[in-house]
């Protein structure tokens, strides 16, 4: 049994999270792997289901409605809404890694590149297998892949030089700004934005928009004709998971359709959403930060002030609002988008921590954990969101997001962190740590991008299904090579 000091160290040794899985194993379950592994595996399934439900039932409809409202083309929606939603957490993680102790900057760069290789190969392959064959607009597709290819090549050149200056770091951020401006310019007066708005409107009118099945490889509907008894069992198991998950998400993610208006859930949204957003910024604004509120001589914790204000607003809404709004509210759609991003980011982090704890319990080498579990955990939110979009009939937005999202992480997330670090040592250069594993990640990332550009162009700008298998094979090969390098360098 773990001592109290060991338990305290387990709680303090890990970054803040909803659950401390190391402490659950070492303290609550007394270090017994026979109990810890089944429990953590069950929690792993729960986290993934919450992640999938957030993406399919809330994130996808919010993106579609915002794209329709703002008349965004698939490329513009991917370069702005999806890139910001999927990339903001990675941007903060990159900043934290580069400002961390020795070894952390290399880990931060490796995480960005591994995530980029995962999304550009495995996620693109998954979208291709789900929705292929489907056509992509030639000019936007070539532009997105080419810009990502140029950005990765430029960063590779900078990395091989082993140093980066302030002007180069600023160039990374400005390059993405130029990319967004070019997307906007190409969409002006074009047919892509109109087609996107029409497709999104049709998708919204469909019954159960975005509520795709993400639970099991074989859904209940697929099994009805094959085995009625198994169908009943699967339905019961699904209901056990679905009801509490749907309830929690409805409490914290507002519904934007007037037909789904519910006074209780709206009041709960008003009360809980500000608290959750405050929690998400806990690394910048601690929850126990004390501020002056109402009484000049007394300082209250900021969470108590936010809770009091939210309760007052929720009570006012409950007393004053009598009927559902006649039309959809853009503000509530934006809040729904933000809160679904919160849940995707939070559950991806919990999934990552839970996977890492399982790997430690099973005594996997740290190097292998870093190249597999951590890389997958950092990108699972992008994968689930893109797959949900593809299944909801939006493969063009999904495929565009597979390039715009990682490019945002590389140029804006990593680029902003590099701007901060190079500004601190200006006019000198910021030294980059060399590692052969990062070079391998660059090579495989460039290989997947060039291959996708050539194959899709050769197929007359249609994504073929066979290329999905090829991309997944490329990523599996990358993983094997990276594990071999990480194991040999321990």
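Each Cβ is built from the backbone N, Cα and C atoms, and glycine gets one as well.
Note: TrEMBL annotation is automatic and uncurated.
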Handout entry: TrEMBL annotation (transmembrane segment) - matching range among 226-244, 245-263, 264-282
Key = 264-282
Practice task
Quick one: find which recorded stretch in 264-282, 332-361, 397-422, 434-459, 466-486 has the most Cβ pairs under 8 Å with the transmembrane segment (302-320).
Solution key: 264-282
Practice task
Could you check if the transmembrane segment (110-134) is in contact with the transmembrane segment (264-282), meaning 3+ Cβ pairs under 8 Å among residue pairs at least 6 apart in sequence?
Solution key: no
Exercise for the section: Output the single range from 165-185, 332-361, 397-422, 434-459 maximising the number of Cβ pairs under 8 Å to the transmembrane segment (141-159). Expected result: 434-459
